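To start, the structure itself, in structure tokens.
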Amino acid sequence: MIDFQGVLTSINETASNEKDKGKIADYIPELAKVDVDNFGIHLIDIQQNIFSAGKSDEKFSIQSISKVLSLSMALGLIGEKVWKRVDVEPSGDPFNHLSLLELENGIPRNPLINPGAIVIADILVSRLENPKEEFLAFVRNIANDDTIDYDVDVAKSEKRTGFRNFAAANLLKSYGNLNNDVDVVLDFYFHQCSLSMSCAQLTNTFYMFMNHGKCRRNNTFLTVTQVKRINAIMLTCGFYDEAGEFAFEVGLPGKSGVGGGIVAFLPNKFCVATWSPGLNPKGNSKLGMLALEKLTTETELSIF
Ligand code: DON
């Protein structure tokens, strides 16, 4: 029997004592208001036993973690046609880089960098009658939790300062890979990224990725093949130009966000989420990465 609670308690202690907690993202001004000392970790195993330490129930902005959920919804709606508009290769570039987009004629390298997620947002805007409401309902349904919501202040804040995303969307439009108005697609994208969740809620939502597409209530949201594809993309692209480092240190598929959240999982075994808002220079949570490295090292559980 693995003592998950013991490991999480010790991770929380180590994190609290760490002096250098990284740097809060301030390019979205609303995110800069968060206290860098926050730390939370929550784990659910496949039998649905739960373990937690620190501020595991406090909500934060999940930001790029939402890209996995929008991709899941788009795959469910249009299936493999998604891959005509976005590739599945790691970019080796930061999440907001634009140069590859021009070199590769408007086809983003993968759905987890910003231009790729903007194409996915365009697919949802085309397919849904009320995109923001329906996407929120999709996420709430997976998590079985109606308290999950957008943080409208964060969405507005990003809209005011999201110049690179406006540039990306315009570039995509110039290559014919954006069917709707730039403003409409980005309004959806900024709301999607502003989803506010706790570590506990994140593990409830991502449980399905370790459980062959079935949520905690055993309802199917994704086929086994879709889960295979999404998990592969998380492993190879979930941490941008640090995806190799995350695989090397932690050894799990997962996804980070600039709000300081990370969710990761071992298929058929457990799903874990951490929150520590200070980021490393690559834009991933500094202590979140250290915490997950400690978790997989101490439990000797990773995909490898
Ligand atoms: O588009 C952006 O820049 C943000 N809404 C999301 C970026 C993000 O979370 C990158 N992840 N580490």
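Cβ coordinates come from backbone N, Cα and C, glycine included.
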Can you pick which of N105, N110, N114 TrEMBL lists for the same substrate site as S64, E158, N165, Y189, Y240, V258? N114
Counting other CB atoms within 10 Å of each candidate's CB, the least crowded of the binding-site residues Y189, Y240 is Y240
Among N114, Y189, V258, the binding-site residues in the record, which have a C-beta under 6 A from ligand 1? N114, V258
